[in-house]
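To start, the structure itself, in structure tokens.
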Amino acid sequence: MTIDKGVNALEQLKYGFDHFKKEIYEKDVERFEELALEQKPKFMVIACADSRVCPSTVFSFQPGEAFTFRNIASLVPPYCEKKRNSGVGAALEYAVKIIKIEIDQVENIVVVGHSRCGGIRGLMSIPEDSHNCDDFIEDWVKIGWSAREVVKKEHGTLPLPDQCSYCEKAAVNLSLDNLMTYPFVKEALETNSIKLIGGHYDFVNCDITVWEI
């Protein structure tokens, strides 16, 4: 589907929906009627908000197959009882405690990083003495600070783009470790009812790497 660059935002949204309704919905109405009753996703995917990285497109998920949460750099903060307004925590709790228990479907939590991630580049570019707490992005990406420190220690002599490539994967592993600090995720892991999977999507070379922990 291609859209004329001269089309305004409202027209583009309507055109996109009309295309979806005609080419997808009306060709599989039964599926969408079932989805109207309940969702049964096998995957929860935590991915980056980058417009070039759409999990449903990259993994060919159909509607209802993946419960998706996106943020800057696919980061998962560690569990903290005092942070009740955590979007990541709320999404995890819904997937693991609501969908998983009531429908018994979510079997995998997948954290996916990607090439040329602006959030990771921002993390790797923060000055050591930075204390800019008024900056939303900097404060957020500092969740990955320990991954950054490992990369700086082991690959600090490399050019920044290469350091970023290492950190993109290291940040995914850090987020996977942080997932295990959530009591309900830990319990699901201990009963072997859920798996944690890491991934890195290289959209420059159209390549994917996935691993299980």
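Placement of Cβ uses the backbone N, Cα and C atoms for every residue, glycine included.
Bear in mind that TrEMBL entries carry predicted annotations, made automatically and left uncurated.
The annotation Zn(2+) binding site is assigned in TrEMBL to Cys48, Asp50, His114, Cys117. Non-local neighbourhood of Cys48 (Zn(2+) binding site): Arg70, Asn71, Ile72, Ala73, Ser74, Val112, Gly113, His114, Cys117, Gly119, each in the same chain, at least six residues away, with C-beta under 8 Å from its C-beta.
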Cβ-centroid neighbours of Zn(2+) site Cys48, Asp50, His114, Cys117, 8 Å, sequence order: Ala47, Ala49, Arg52, Val53, Ala73, Ser74, Gly113, Ser115, Arg116, Gly118, Gly119, Ile120, Glu168, Tyr201
